[in-house]
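A.B. asks: Handing you a structure now.
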Amino acid sequence: MIRRPLIWFTICWIGGSAAAASLDSRAVVLAGAGLFIAALALGLLRLASWPLAAACIMAYGLAAGQRGWADARNITAHPELQAAAEAAFPSSAYAVQVTGTIISAVTVDGDRAQLRVTADTVRVQGEEAPRKLSERLMVQVRLALQPDQAVAAGWKRGDRISAAGELTLPASATNFGGFDYRRYLHSQRIHWLFKVDGAAALATEPGPRWTAAALLGRVDAIRLTLGARMDALYPEQHAGFMKGLVLGILEDIDPVQYRQFSGLGLTHILAISGLHVAVFLYCLHSILRLTRMSRESIMNVLIFAVPFYILLFGAAPSVIRAGIMAMIGLFAAKHRQLKDGLHLLAAAALMMLIAEPYMLENVSFQLSCLVTAGLIVGVTPIRKILPSWRRGKIAMDILAVSFVAQVVSFPLTIYYFNQFNLLSLPANMLIVPILSSVVLPLGTASLVLSTIWMPLAQWLSYVVKLLNELTFSIIETMNMYDQLRMIWPSPPIWWIVSWYAVLLAGFRAINIYAQRNKMKESSHSPEHDATVPLYGQEEAQTKPLSTGSALPWPSDRAGKLRQKTAIPLLLSVLCAGLLIYGYRPDRFDSSIRVHMLDVGQGDAFHVRTAAGRHILIDGGGTLQFRKPGEEWKSRKDPFEIGRKVVVPLLMKRGVQQIDLLVFSHLDTDHVGGLTAVLQSIPVKRILWNGTMKPSDEVKELFQTAIRLQIPVYTACAQQLWELELHVEMAVMWPQRQPAEGECGAANGAVPITMQNNQNDYSLVLLLKLYGHSLLMTGDIRSSAEQWVLRSLRENQSSAAIPPIDILKIAHHGSRSSTTEEWLRYWSPQTALISVGRHNFYGHPHPAVLTRLEENDARILRTDRDGEVQFRFTNAGIEMRKKIEAGALK
C-alpha cells in the first residue's frame, strides 16, 4: 500500500465522489468516519504510512466536497419556471425566444435535428425584457420539409442562433429502473428541452472565430470530411462500420449490425480507446524516426499530438482516458521515470474526475477504467497458469487478455445491459485480433491514402471489405444461438463490490502460487544446487541445504496441501455463490408481484408468481402515422416501445423466460411491442383471442412466433388456467361454441376469423392471486361488458364472484367502456388506467373518472403515477407507484 500512494488516493477520491452522489449528508459523514477509523487502524498496524492515511482521508473529503459543490451549482437559471412546470399537470411548456451559441455538433435524423446551445438570453412570452443568463439547453428541431435536413446540416458548432419555440422539462423515469432522461441531462448540466417547430424558426449567423466552440466546429468539419471520404471508399453497410471503427462516428452504423455486435459484447471495439491511440502513436513514431529526429524531440511531438487526436476522434471518455495515460507515460518515458500502468491509470482517472465530477456516472468511463485496471493487474497471473507453448504463445496471450476483460467487465455488463453471451469470449478472441490488427490499420491507411492516391486506397478498401464480410458473417452466425445468451437481473452494488474483491483475491493468489512454484523449481534446478543426487533420483535423502529443499514430514506435507487448496477452494465457492445468487436473487421470495408498466398510450402488465414464473399480458406499441411521400421523416433507429422500454425493464428484473404471453387483442397499442419481446426473451406459450387482423405488424408477430416454434393457444370463456398454487386465471370472454376439445388447443381446429375492429374481442381474464382478485379487460366496450355480465348471471349467481380487489379499466378510460352497471357488479377497490400523457384521444374520459369516484374506487393511472406495482401475499396487498413512490422495496 505504501508503494502505491497515488492509486489509494484515487480510490478514496472515487469513494468520496460516489458517496456524495448517492448518499445523504449524514451517510456521507458516517462513511467518512468509517474511512478515518480504517486509516487509523492501518497506520497503527504500520500497513500504511501516516502521510498516506491522511492523504486518503483528505481525498475522500475533497471529492465529497467537490461533488456537493457541483450539485449545488448544477441548477437551472429559471427555478421558478421549473417549480411551476413540475407542479402542473400536464407539465407546463413556456413559449420563449432564445439567443445563444451552438456548443455541439448537429445531428440530423429523419425529421429531427438535435443540438446543444448555451443560451445567453431567454425571453418568456408575456415578459417585456429578456432574461440575461448562461444556461445550456438541449434543442430539438422538428423539421417540416425534407429540404430542412440540408439546412440543419449546415448549422455549425460556434454559430450564433436566434430561435422561437417551447421550453419544457425533460422526461424523468416513469418505470422503476427505467431510463431517466432528466437525470442523464442533469449530468450534462442541462435542465430544459427547447423544442423548435421547423427549421425556419431558427436563424443562425457565424459567431466569433476564436472561441472554443468555433475551434471545435472546425474539428467537426474535419470529421465530416473524413467521414465523407469513408463513404466514398466503402459501400453503405461498410462505411458506417468503418466510420465507427476508425473515426468513432457511431451515428451511421446500421442499428441491426450494432445490436449484433452488442449481443456478443463486441461494441468496445467500436469505441476509440487505448488500442486506437497506440496504433496512432506507433504509426506517428515510425514516421518521425525516418526524419532522424532526436528521441526527446520525437517524444515531444507525440505528447503534443495526443490532444489533437482526442479532439479529432470524438473526445469520448475512453479516448480521453487513453490519451491522458499516453501523455503521462510519454512524459515519464522521456525523463526515464516511467511508472507502472496502474499509476498512469490512476492519474488519468483522477484528472478526469477533478475536471468533471459527473464523469463518474458515465458508463464508458466506468468500463474503460475498470477493464484497463483489470488488464494491468490480471493478465500476468492468468498467463502464468496457461500453457507456455512456443508456437501457441500468441493464442495464449489473446486468451489471457480476453478472459480477464470478460470477467472484469461482467458485473457492469449485467448491471447496465442485463445479458451475457457464452460465445462472447470466443467471439472476442476471434474477432478483436482481426479488427484491431488488420482491419483498423488497413482502414486507417486507406483513409490516409485517399487524400494522396485514390486507386491504392480503393485497393486497400477492397481487402478491408472482404475481411468485414467475413467478420459480419461470423457475428451473424454466432448471434443465431439464442440458447447461449443469458439474461441477468441488475445486481446490487454490494454484489458488484464482492465480485471485484473475489477477483482481486484470485489474481493475488495466482501470483503467490506462481512465485512459490518458481522458487521451488529454482531451488531444485541443477545450476543452483551445490549437490546433485546421483542418477537423477529426486527423492534422494541427501539434498543441498537450500530454501524448500529439505524433505518435509508427511504431516507437514498434508498440511501444506490443505493450505494450498484451501484458498482456491474458498474463492471458487465464493464465486459460485455470487453467480448463483446473482442469476436469481428472488428465488426465495414467495410473494406474487403485478406490475402495470408505463408504456404510454397502451397496455403492458407483468406478473411474477411465487414460484418465479412470469406472465406478460400485452406489451404496448408505438403508433406511427406516415403519409405517402413522408418516408424521409423516419429515423435510422426509430423508437419502438417493446425494444426500448418493455424488454429492458423485463431483463433488468431478471425475466429469463416468459411462461405465458397473452395477446388481449391485436391492436398496435397492445401487441406492437411484443415482436421485440419474442426476439429477446424465450417464451414458453402464447394465449390469444383466436382472431386475426389485416396488419403487417400482426403478420410479423405471428411469423416470429411460428419461427420460434412457440405453441399458440386460443382462449375462450370458462377456461381455467391453474398456473401454480395460489395462481389461477379464468377466461371470462370471448364466448365461443367450439367443437369438444378444440377450445384452447395449441394446434386445434378452432376457426379463425378476420376482425379489423378488435376491441370487443379482447380477452377478459380474472386472476386469483393468494385469494385476491384482479380483472383484466383489454379494450372491451360497453356491449362486450353487457355480454360478460349476462353470461355470468346465466351460469351462476352474482354472489359466486365476490367484489374484486383490482379492476383494469378497459380501453384506457374511454367513455365507451366502464358502464355504471359494470362497476356496480364488480365493485372494485382499485381501478387501474394505463394511458399516455398528452394523448389526443382525451383518455381517460371525465365521465369514467366520475363513475369510478362515485363507486369509491381508488384510481391509479400511468400518466400521473407512472408504473404501479402490487405485491400479493397471504397477509394482503401492498402497492407502490413510481411517481411519489411508497415504501415497497
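Yeah, the Cβs are placed from backbone N, Cα and C, and that goes for glycine too.
In case it helps, TrEMBL gives these features for our protein:
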- 28-199: domain 'DUF4131' (DOMAIN)
- 245-507: domain 'ComEC/Rec2-related protein' (DOMAIN)
- 598-686: domain 'Metallo-beta-lactamase' (DOMAIN)
- 30-63: transmembrane segment (TRANSMEM)
- 269-288: transmembrane segment (TRANSMEM)
- 308-330: transmembrane segment (TRANSMEM)
- 342-359: transmembrane segment (TRANSMEM)
- 365-382: transmembrane segment (TRANSMEM)
- 394-417: transmembrane segment (TRANSMEM)
- 429-450: transmembrane segment (TRANSMEM)
- 462-481: transmembrane segment (TRANSMEM)
- 493-514: transmembrane segment (TRANSMEM)
- 565-583: transmembrane segment (TRANSMEM)
A.B. asks: Would you kindly list the residues that approach the transmembrane segment (30-63) from elsewhere in its chain, counting only those six or more residues past its ends and only Cβ-Cβ distances under 8 Å?
C.D. replies: 1-2, 5, 8-17, 19-20, 23, 353, 357
A.B. asks: Can you give the mean pLDDT for the domain 'ComEC/Rec2-related protein' (245-507), rounded to a whole number?
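C.D. replies: When the pLDDT values over the domain 'ComEC/Rec2-related protein' (245-507) are averaged, the result is 90.
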A.B. asks: So, taking each listed stretch (269-288, 308-330, 462-481, 565-583) in turn and counting its Cβ pairs to the transmembrane segment (493-514) that are under 8 angstroms, which one gives the highest count?
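C.D. replies: Per the Cβ under 8 Å count, 565-583.
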A.B. asks: Near the transmembrane segment (269-288), which same-chain residues lie under 8 Å Cβ to Cβ, leaving out any that are not at least 6 residues past its ends?
C.D. replies: 244-245, 247-248, 250, 253, 258, 261, 298, 301-302, 305-306, 309, 313-314, 316, 318-319, 321-323, 325-326, 330, 364, 368, 372, 431-432, 435-436, 440-441, 444
A.B. asks: Based on DSSP, tally up the residues of the domain 'Metallo-beta-lactamase' (598-686) by helix, strand and coil.
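C.D. replies: DSSP classes over the domain 'Metallo-beta-lactamase' (598-686) add up to 26 helix, 14 strand, 49 coil.
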A.B. asks: Which sequence positions outside the transmembrane segment (462-481), separated from its termini by at least 6 residues, show Cβ-Cβ distances below 8 Å to it?
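C.D. replies: Cβ under 8 Å, 6 or more out: 234-235, 237-238, 241-242, 257, 260-261, 263-264, 266, 421, 423, 427, 430-431, 434-435, 438-439, 442-443, 446.
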